[in-house]
Amino acid sequence: MIPNTVAAARTELLERGSTLVDRYRSVSPLGIPGTVGLALIILGAVIQPFHLTLLTRIVILGIFCMAYDLLFGYTGVLSFGHAMFFGGGAYVTAVTLGELGSVPLLGVLLIVAVAAIALSLVAGAIAFRTKGVYFAIVTLAIGQFIYLVAIRLQYIGGSSGYPVPGRPSTILPIDINDPYVFYVITVVALVATYLCFRRLLDSPVGQVFQGIRENEQRVRMVGYNVFHYKLLVFTISGVVSALAGSLYAQFVLFASPSNLDWIMSGEVLIMTLIGGAGTLVGPALGAAFFILIEVLLEPITGLWYMFVGLALLLVIIFLPRGIVGLVTDD
Amino acid sequence: MAASYNMDDIVVNSIRALFNGVSYGMILVLMSIGLSLVFGLMGVANFAHGEFYALGAYMGFFAFGLTGNFIVAMLASVLAVAAVGGAIEATTIRPLYGRDPLIQIPATFGLAIVMVEVIRYVWGSTSHPFPVPELLSGTYLVGGMAFSTYRSFLIVAGTALTILMWLFLVRTQYGLVIRGAIFDKEMVESMGYRVSRAYTLLFGLGAAYAAIAGVLIAPLFGVFPGMGTQMILLAFIVVILGGMGSFKGPILAGLLIGVLFGFGQMFVGAWAEVVPYALMILVLVYRPRGLFGTKGVFQ
């Protein structure tokens, strides 16, 4: 019944010529993303430290999920190896800070981005020789290969992971060791990611990505080199995922092998699907849903992970467009 | 003299690696046949297949605890898991046939999560030992080398079951329908066969084979909740490496990976785990359709 009510309300608004969202967009100088970002920053200032920790995790994973959805929801390519980027970003960050000492934040992010570009190009060149389900399994194997090598390299801590000695310095006069300041940085990164992706998806290149999802053969027949476009979107997604991983390592001050494991690749897919694949907001909501289930159910029952699995199955069968599909057509 | 002694050492170690590798490879083959058929016929990359293997081992463990009879434990486990497999196909996989085939990956992944958690809930997170049946315990000597009776039994049982599946596929009416539907589902349907019923049957059969593999391996490594997750990745590697649209593909690839694993453990220790992944990536670079894949099916 509820979706019907929402649909009716929406139809009514559309008939009046605009939705609430449209009206808000026309009066607010910040725009919707800026307003949401500002709201998150204000929210972070008033909540307790424990909740701030949760919110920071959600925001960082939200960036990861958004990057994942650029590939999965918008281009129709299912990678089951995205932990290689997230965990790779975390490890590169930890090892850079651990071995080189004080490196500025921008320097760390630049190193992570360069490493992620290299990894995307190599992994993509191998995996895009196949497509569909095979692509998923090939990326899974590449990711797991990296995981299995990483936990055997004593230089990067082996199976016990690699601690981050401290957060990097910044060019701004702020101290990112302060939890709230660090949180604000992650929110800015989330909003920036959203705006960049929005712009990208509206551009001709972004249209080609979505064309590949709709009908790859037709895009090829029109004359686009589908392989190059897929490699491009894989690289963009990989770089942003690695940057999210870098933020995560700086946040928890640790690069863990579990960031690289294939379960992490499965979880980003779960969050994206539950939130709503093919949207930019949905995946971030999915990350929030996932973390909230974990936090709310873990103290009550040892079975919280089973509820994640059940939620995923129910969403796939009954809500193909995820949580955001309940309230919007976007 | 010292040199010839070393030579003997290498030969003995190699025979042992080969023997261990083939017996482990047989488990991989039993796992992969079902996975490969379901993949080939239904296009479903079943991430829950590893949990059929784990559930099989646990069911066997449970039935063995009740009856103390290995044969009864195996039969009970196989029947139970085949029923679970068929039921899962009918309730969870079937609603997704009209959708993007990619959606079956997260769906079966979700199923796997639920099944692992159920196993953990019922039997606990710790590992349980599973005794080797008395008749099959111990070792025997061939040319001065001791071989495990149980591992020999694995090789015999694996070979027999593989031949049985092959006979089912090439000698029976049902096998004919399945083989036909892998290549042209619509044509087989238009001839009046209900392919959807074959789906349920094949899914159950694949689950049964995974359950047998689980019961068979349990006396070697015990039963633990993560056993299916550990195995499913290797099974997928075997399927992809072997190539689609070929029955011998997963068999030869399974044995190959088992043997490489055996030699790897002998010579590079823990790094052996990396070998199957590296091999798969290498093969894909040069031959994207796998070792024995039919051209076009894979790419």
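Quick reminder: no glycine exception, Cβ is built from N, Cα and C everywhere.
Counting only same-chain residues 6+ beyond the ends of the transmembrane segment (A:30-47), those with a CB under 8 A from a CB of the stretch are 21, 24, 55, 59, 180, 183-184, 187-188, 190-191, 194-195, 198. If you look up TrEMBL, you'll see A:30-47 (among others) marked as transmembrane segment.
Long-range Cβ contacts of the transmembrane segment (A:59-85) within its own chain (Cβ-Cβ under 8 Å, at least 6 residues beyond either end) map to 40, 116, 119-120, 123, 127, 131-133, 135-137, 139-144, 146-147, 183, 186-187, 189-190, 193-194, 197, 200-201, 206, 209-210, 212-214, 216, 230, 233-234, 236-245, 247-248, 251, 259-266, 268-269, 271-272, 275-280, 282-284, 286-288, 290-291. Annotation source TrEMBL lists transmembrane segment at A:59-85 (among others).
Among the features that TrEMBL reports, transmembrane segment is placed at A:105-126 (among others). If you look at the transmembrane segment (A:105-126), the same-chain residues 6 or more away from its ends with a CB under 8 A from one of its CBs are 81, 84-85, 88-89, 92-93, 96-97, 138-139, 142, 167-171, 176, 230-231, 234-235, 237-239, 241-243, 245-246, 250.
Under the heading transmembrane segment, TrEMBL lists A:133-155 (among others).
For the transmembrane segment (A:180-197), same-chain residues at least 6 beyond its ends with a Cβ under 8 Å from one of its own Cβ atoms are 33-34, 36-37, 40-41, 44-45, 52, 55-56, 59-60, 62-63, 66-67, 70, 167, 174, 240, 243, 247, 250-251, 280-281, 284. Feature annotation from TrEMBL assigns transmembrane segment to A:180-197 (among others).
When Cβ-Cβ distances below 8 Å are used as the criterion, the transmembrane segment (A:227-248) is approached by residues 57, 60-61, 63-64, 66-68, 70-71, 74-75, 77, 79, 82, 85-90, 92-93, 108-109, 112-113, 115-117, 119-121, 123-125, 128, 185-186, 189, 193, 200, 205, 208-209, 212, 219, 259, 268 of the same chain, each at least six residues removed from its ends. Feature annotation from TrEMBL assigns transmembrane segment to A:227-248 (among others).
The feature transmembrane segment is assigned by TrEMBL to A:268-291 (among others).
Per TrEMBL, transmembrane segment is recorded for A:303-324 (among others). Sequence-distant contacts of the transmembrane segment (A:303-324) (same chain, six or more residues past either end, CB-CB distance under 8 Å): 270, 273-279, 281-282, 285-286, 289-290, 293-294, 297, 330.
Among residues of the same chain six or more beyond the transmembrane segment (A:268-291), those with a C-beta under 8 A of the stretch's C-beta atoms are 54, 57-59, 61-66, 68-69, 72-74, 78, 80, 82-83, 86, 190, 194, 197-198, 201, 241, 308, 311-312, 315-316, 321-325, 328, 330.
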